[in-house]
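> Please read through the structure below; I'll follow up with questions.
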Amino acid sequence: MIIAIDGPAASGKGTLARRLAAHFGLPHLDTGLLYRATARALLDHGHDLSDREAAISAARSLALTDFDEAGLRSRDMAEAASVVAAIPEVRAALVDMQRRFAGRPGGALLDGRDIGTVICPDADCKIFVTASDEARATRRALELRGRGEKVDYAAVLEDIRKRDLRDSSRAAAPLKPADDAVVLDTTKLDVEAAFKAALVIVESAHDSLRAGHPAF
């Protein structure tokens with residue numbers, strides 16, 4: 001079974017993805033890390049984030065083992081990832097890697113921004129996780145403070161809105177729900193309630209798959 005989870009920053013999709021992957025025993029790929037690692041490689045080699053050729057080269061050279069996940073979770077790296085993700089050739093360079101991961105025997109779970117629309121358009125289950133701007137900013141601020149970063153809520157909210165605009169308006173694979181995705185609004189849900197809601201969606205898709213019918 002292939003599960004695609006998409007959504008904007010701090011919507012809760014990453015937490016849901018990890019919980020669901022563990023529950024169903026599926027390998028999990030946070031595809032956002034690919035773009036963060038690409039941006040990190042650019043900066044480490046002294047390139048500007050707007051250097052298209054360097055960004056494309058970094059993406060093509062990336063391997064799934066190139067992740068120092070803790071070092072990629074900062075607010076700065078999130079912003080940098082959004083910049084390089086807007087380069088169509090970078091996205092194209094990373095598509096095959098993501099599809100190979102999704103094609104593993106037994107299935108996989110991928111989360112990102114274009115899994116259900118571009119990477120795995122035929123996924124067995126698609127969930128688009130969203131929440132209000134304010135709820136997402138609150139979550140992101142708490143997350144960053146938990147890592148010891150000094151955070152201003154207003155600045156985090158502004159960053160999220162800018163990133164939403166960039167992600168949804170880019171020419172290549174803009175952020176949007178797949179036509180057959182189930183939208184899950186987590187604004188008023190805690191982690192456990194969101195997980196239970198997502199579990200119902202996935203189990204419904206799984207039951208439909210076993211019955212030989214389209215998931216939705």
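The backbone N, Cα and C atoms fix where each Cβ goes, and this holds for glycine too.
Straight from Swiss-Prot, here's the annotation block:
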- Gly7, Pro8, Ala9, Ala10, Ser11, Gly12, Lys13, Gly14, Thr15: ATP binding site (BINDING)
> Out of Ser11, Thr15, which has the highest number of nearby Cβ atoms, where nearby means within 10 Å of its Cβ, if these are the binding-site residues?
Ser11
> Once Gly7, Pro8, Ala9, Ala10, Ser11, Gly12, Lys13, Gly14, Thr15 are set aside, which residues in the chain still have Cβ within 8 Å of the Cβ centroid of the ATP site?
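Everything else in range on the chain: Leu16, Val129, Ala131, Arg136, Thr186.
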> When you measure from the Cβ of Lys13 (ATP binding site), which residues in the chain that are at least 6 apart have a Cβ under 8 Å away?
Ile5, Asp6, Gly7, Asp111, Ile127, Val129
